[in-house]
Amino acid sequence: MLDTSIQALINKWQKYLVLQRNYSNHTVISYNNDLKHFLEFMNYYNSELVTINHIKTADIRLIRSWLAKRNCDNFTASSISRGLSAVKNFYRFLEKTTQLNSHIIFSIKSPKKTKLLPKALSEDDVVISLEHIEEYGNVKWIELRNKALLVLIYASGLRISEALSITKLHLQNLEFIRIIGKGSKERIIPWLPIAKNLITQYLEILPYKLGDNEPIFRGKQGKKLQPPVFNRELIKLKHFYGLPQHLTAHSFRHSFASHLLEHGADLRSLQELLGHKSLSTTQSYTKTSIKHLEAVYTTAYPIKK
């Protein structure tokens, strides 16, 4: 239960994240859940309904107690770090829009996250997926949608949220796609004919009329397709063909990067294609490729101990 004035602030903050910071719906939902968890803890901590004054005067003991509670509740370091980032983001918004001055929360450092290497699929698993994804959907246009979307992600390295934002306007350029990614960072990605041809075939039988600025990938009822819906299609594929547990829409983006590296792509070009702000993020794929080479070496090298 939240005070109505606080809920109004949260609503404004969410609009700010979407309209001015270009955050994805997925990120906004996650941030909102984290903030509400923090405010619920503040309710419990203060034994009364939280007001804007409670938020402004929250001290370091309260914030550290909340982080400790999340740790005791078995939240991962990554989830705890994201939660703290969400609350800090809300406080920054309050600085911009209210009389809140610099807050103690900005001095608290996030817990160190365990760095997990991106999990790519083997080239064989990608081929199996692309060949059989059309078997799921029950309706021809949905089957073709699934294949077009999966090929697009693997052929271009798009995030699922970026792929689901593709419109007819993106199709007008014959050579490249212009993508606005995380942090409003723009990048240009070459169109591969196979991806564009599949999308064209899909649009020819799509039973819904779309404007040039509307996302082309639609759900059964004609609304914009959402990531969880598409991932459910991939779960069916994964279970039936015994594909790796980490197979998701995002794993095809990882596979795009890893396979390009294995076939000789340079890191700087890959950084541009993936839309990474930092080269160090892209370098994580080199570790994945090295592990792949080690596995091949161990299995295939003729001289063994």
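Including glycine, each Cβ sits where the backbone N, Cα and C put it.
Going by Swiss-Prot, these are the annotated features:
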type	residues	note
DOMAIN	4-95	domain 'Core-binding (CB)'
DOMAIN	116-298	domain 'Tyr recombinase'
ACT_SITE	ARG159	active site
ACT_SITE	LYS182	active site
ACT_SITE	HIS250	active site
ACT_SITE	ARG253	active site
ACT_SITE	HIS276	active site
ACT_SITE	TYR285	active site, O-(3'-phospho-DNA)-tyrosine intermediate
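On its own chain, ARG159 (active site) has GLY181, LYS182, HIS250, ARG253, GLY275 as residues at least 6 apart in sequence with a Cβ closer than 8 Å to its own Cβ. The Cβ neighbour count for LYS182 (active site), using a 10 Å radius and every protein chain shown, is 15. Figure note: comparing Cβ neighbours within 10 Å for the active-site residues HIS250, ARG253, the maximum is reached by ARG253. In the three-state DSSP assignment, the secondary structure recorded for LYS182 (active site) is helix. Under DSSP, the residues of the domain 'Core-binding (CB)' (4-95) split into helix, strand and coil as follows: 76 helix, 0 strand, 16 coil.
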